[in-house]
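Colleague: Would you mind keeping the following structure in view while I ask a few things?
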Amino acid sequence: MSDLRISEAFLYMDYLRMSECIQISFAVCRIGIYTCFRALCCKGPPPARPEYDLVCIGLTGSGKTSLLSKLCSESPDSVVSTTGFSIKAVPFQNAILNVKELGGADNIRKYWSRYYQGSQGVIFVLDSASSEDDLETARNELHSALQHPQLCTLPFLILANHQDKPAARSVQEVKKYFELEPLARGKRWILQPCSLDDMEALKDSFSQLINLLEDHEAVRM
Ligand SMILES: Nc1nc2c(ncn2[C@@H]2O[C@H](COP(=O)(O)OP(=O)(O)O)[C@@H](O)[C@H]2O)c(=O)[nH]1
Ligand SMILES: [Mg+2]
């Protein structure tokens, strides 16, 4: 073979090696870009939040719909009187509460217990500034709920609402009047003074309720 042919063959081999190197570099770059793209754009869905089914009771005007609507960031204009019942999914950072609000009118309260089944917790709202008669009615309703077979073992959140009004009973007065210490002994319950203007207190009491619900479900399993 002439010298010219030999050097041509070497040149051709160099060319093949170089193009192989370029192809490998392109492949490495492609993998790198794909990995970066996946890391930046294709994050998996956030983990699902647990959902709990709650029942919300209390006399008409105690503030059930207003408090739940505010927790859902709905406009106060959307609050209408509840006839029958309504359901809201109230989102929190670590859970979603599916709250079934039952209308609190005299002629509806006798049907409350028909809607208790499947509840995992109870929210009882009272107007701390209401008349003596209404407060007594609220106390009787709360006692019936605390003793009802479908609710008696569940976590309770009792909201002493309307605390912004001058006539509002303090949380100590409510606790004594409602005889909560003896009645709710051994149960998981929270008594929270609140008003529509004090969302911090309200959210704090719901976080405590979510902790109680988590504990309760963990024990049941
Ligand atoms: N001042 C005051 N008014 C409230 C409070 N909570 C609710 N209300 C008012 O009480 C009325 C009845 O509220 P609503 O949510 O419909 O009561 P519900 O029947 O228990 O659902 C509405 O006019 C609310 O604006 C509160 O904490 N303070
Ligand atoms: Mg209502």
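Don't overthink the numbers, they just go from 1 along the chain as shown.
Placement of Cβ uses the backbone N, Cα and C atoms for every residue, glycine included.
Pulled these features from TrEMBL for this protein:
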BINDING   G58, L59, T60, G61, S62, G63, K64, T65, G104, N161, H162, Q163, D164  GTP binding site
BINDING   T65, T82  Mg(2+) binding site
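Have a look at these and tell me how they're positioned relative to everything else.
Modeller: When other Cβ atoms within 10 Å of the Cβ of H162 (GTP binding site) are tallied across all protein chains shown, the result is 22.
A 10 Å cutoff on Cβ-Cβ distances gives T65 (Mg(2+) binding site) a total of 23 other Cβ atoms nearby, all chains included.
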Colleague: Among all chains shown, work out which of the binding-site residues T60, S62 has the most CB atoms within 10 A of its CB.
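Modeller: Ranked by Cβ atoms within 10 Å, first place goes to S62.
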Colleague: Suppose we draw a 10 Å sphere around the Cβ of D164 (GTP binding site). How many other Cβ atoms does it contain, all chains included?
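Modeller: There are 13 of them.
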Colleague: Please list the binding-site residues from G58, T60, S62, H162 whose Cβ falls under 6 Å of any atom in ligand 2.
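Modeller: Near the molecule: none at all.
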Colleague: For G104 (GTP binding site), which residues in the same chain are close in space, meaning a Cβ under 8 Å from its Cβ, but six or more apart along the sequence?
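Modeller: Listed in sequence order, they are I57, G58, L59, T60, G61, S62, K64, T82.
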Colleague: If I take the alpha carbons of D164 (GTP binding site) and T65 (Mg(2+) binding site), what is the distance between them in whole Å?
Modeller: 17
